[in-house]
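J.: Okay, here's the structure, questions in a sec.
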Amino acid sequence: MEKFRIEGPVVLKGSVEISGAKNAILPLMAASILMDTPVAFTFVPKVMDVFTMKELLERLGAHVEWTGNGTILIDPTTIDNPLAPYDIVKKMRASIYVLGPLLMKFGKAEVSLPGGCAFGPRPVNFHLEGLKKLGADIKLEHGYIKARLKKPRGAQIVFDKKSVGATIHLMMTASLIPEETILRNAALEPEVVQVANFLKRAGVKIYGEGTDTIVINGIKKLNQVEATKVIPDRIEAGTFAVAAYMTGGEVEIKNCIPEHISPTIEKLEESGADIVVDGERLVIKKRKGKIKPLFIYTQPFPGFPTDMQAQFMAMLSVADGTSTIKEGIYPDRFLHAFELIRLGADIKVEDGTAIINGVPRLTGAPVMASDLRASASLVLAGLIAEGTTIIDRIYHLDRGYEDFEHKLNSLGAKIERFHG
Ligand code: UD1
């Protein structure tokens, strides 16, 4: 299995360019199923989840190819097998996105039921209840969601909780229903807006994306669209910003949309960071004082993202005082805390809350990554830990960060990938 060997401490310096957003391209690739013509996406990150979605679309029968650096071309017209098997869905929960589009195109679909994940249960009930309202008949059999389209119809769907996945999934599905669908308590994330914009360019009438009420007036057939550029990855940008600040470095972050990462910028500033925002770039200035402790409460966008919580925990483990992180999305998403403790951090986790007592320094140790963002937090901790940190199971990291170690090494990190 591949591992990272990280020598620390280092101070990051230089300039880094952010890749396209994994969480935007995955639903866009699934949305290609709705099209009757080939569709191209540019600025696509070469990360494992994108390769997995490519493989899934190919298993369905689509023709998918990389046609240039970061450009992917999908021809959905050859899709003939509306089945997403367990061996793919177990690798990537976002596979659920193909269910609604397949249903609309073929009148039936089978998608393996995604299981839980390292940070707890991750149900898909909002997806399934919403599809039922849009006219699907759904059965769960032998670990599979078996769906048939009885009579597609527009509907009003009120989510009990904001869900990025369910909002995007049902918006895509409703796009091919020529009636009005209203999604209430919808998610506001930038990835929802990007998918809405794509569908609008294909002729669907959508209003209210980026607010909690989205109205979709679907059409029978989507129009051909020009190549779509994927938005920059706000979590990758945030990860580099935290890395720069916690190592006491000075880093320019290019190709990011500052409004998409404003909760991260605000929390870093509250922690003492001096950040210059200039168009699509950020500069994290060299730190003058100590890292100040924070209170963080993860919430749906525009609140503080759960996907940045682990990276902040690594930083706050060496803050000058006690910090609190309360998880408002996934109460069990704290496995990284126990690995950070192996590096010398002082963290207690109870009832969906982590209390982090800042220590003067971390020290290198072997640790294990449990999920994507947890892996990133361990890498950041390894950058400041004294000595050698070995991180096992970095395949989690490869799911969502493009060239992570190369980008960090270009800023002065000492990270080596090895088989062990
Ligand atoms: C997406 C992101 C993930 C991020 C998460 C929360 C992608 C591919 N993944 O995941 O990186 O951590 O948003 O910002 O975009 N819920 C239900 N029933 C459902 C669906 C969700 O109860 O049917 C709950 C979840 O358990 C969670 C909350 O709703 O507590 C939000 O989850 P959701 O926004 O759906 O997460 P994902 O879209 O899976």
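Each Cβ is built from the backbone N, Cα and C atoms, and glycine gets one as well.
Remember, TrEMBL labels are computer predictions, not curated facts.
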J.: Looking at UDP-N-acetyl-alpha-D-glucosamine binding as recorded in TrEMBL, which candidate out of Ile275, Ile284, Ile329 goes with Arg93, Asp307?
T.: Ile329
J.: Please classify the secondary structure at Ile329 (UDP-N-acetyl-alpha-D-glucosamine binding site) using three-state DSSP.
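T.: For Ile329 (UDP-N-acetyl-alpha-D-glucosamine binding site) - judged by DSSP and reduced to three states - the answer is coil.
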J.: Whole-number Å only: compute the distance from the Cα of Ile329 (UDP-N-acetyl-alpha-D-glucosamine binding site) to the Cα of Cys117 (active site, proton donor).
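T.: Approximately 14 Å lies between the Cα of Ile329 (UDP-N-acetyl-alpha-D-glucosamine binding site) and that of Cys117 (active site, proton donor).
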J.: State the Cα to Cα distance, in Å, between Asp307 (UDP-N-acetyl-alpha-D-glucosamine binding site) and Lys22 (phosphoenolpyruvate binding site), rounded to an integer.
T.: 12
J.: The domain 'Enolpyruvate transferase' (7-408): mean pLDDT?
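T.: Taking every residue of the domain 'Enolpyruvate transferase' (7-408) together, the mean pLDDT is 96.
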J.: Using a 6 Å cut-off on Cβ distance, which of the recorded positions Lys22, Asn23, Cys117, Ile329 come close to any atom of ligand 1?
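T.: The qualifying recorded positions are Asn23, Ile329.
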J.: Among Arg93, Asp307, Ile329, the annotated UDP-N-acetyl-alpha-D-glucosamine contacts, find the widest CA pair distance and round it to a whole Å.
T.: 16
